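Features as listed in TrEMBL:
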type	residues	note
ACT_SITE	Glu148	active site
BINDING	Cys105, His147, His151	Fe cation binding site
Amino acid sequence: MILPIVAYGDAVLKKKAKEIDKDYPKLNELIDNMYETMYGAYGVGLAAPQIGLPIRLFLVDTSPFADDEDLSEAESEQMKTFKKTFINAQILEEEGDEWAFNEGCLSIPEVREDVFRKPKIKIQYQDENFDTHVEEYDGLIARVIQHEYDHIDGILFTDKLSSFKKRLIKGKLTNISKGKIKIDYRMRFPAMSKKR
Ligand SMILES: [Zn+2]
């Protein structure tokens, strides 16, 4: 089932999300629904706060990036198959010189800005079976993980922009939070959800 994606301005996107355990109700169904929602919106990642749940869960599937001409064949192959569910993730280390990448977010449609992040991460997380893994990533995969990880800490990519850039996009963000935007996937806007 496709779930509505929470738009910029909703308080749930600002919350530090909580850990979950095996007993979280209908977790497998939730994960399936989140994948369906992400694919339906042509996203490469989706975090639980974006469908209104302040829990430490996010998904990544970088296959849409595989066709990027800037990638080497090895990188492209890696993108094609990288699909993973991260539960209770903790980034343990981030290192290297920050690099810029033009990021977007399903909760903030039609806004894209260069965001600076470190290129290498070490992350600990649990998979769907609650087995714990510690893994290292770099490049574009690390980038997508960092973006989604920020969501479970209540941080949006727009929070990381310069105050100048923030001023430039303020009007756009206000419009998104009021639902004054055309999108081709289901969204839930803060102003509307109050009435329900
Ligand atoms: Zn996002």
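Any Cβ shown, glycine's included, is placed from N, Cα and C.
In TrEMBL, annotation is done automatically, which means it is predicted and not curated.
Between the CA atoms of Cys105 (Fe cation binding site) and the residue listed as 'active site' there is a gap of 9 Å. When other Cβ atoms within 10 Å of the Cβ of His151 (Fe cation binding site) are tallied across all protein chains shown, the result is 25. Within 8 Å of the centroid of the Cβ atoms of Cys105, His147, His151, where the record puts Fe cation, the same chain has further Cβ atoms from Gly45, Ala47, Gln50, Glu103, Leu106, Ser107, Glu148, Asp150, Leu156, Phe157. Under 8 Å, Cβ to Cβ, and six or more positions away along its own chain, His147 (Fe cation binding site) finds Gly45, Glu103, Cys105, Val115, Phe157. Taking all protein chains in view, 24 other C-beta atoms sit within 10 angstroms of the C-beta of Cys105 (Fe cation binding site). Within 10 Å of the Cβ of Glu148 (active site) there are 24 other Cβ atoms, across all protein chains.
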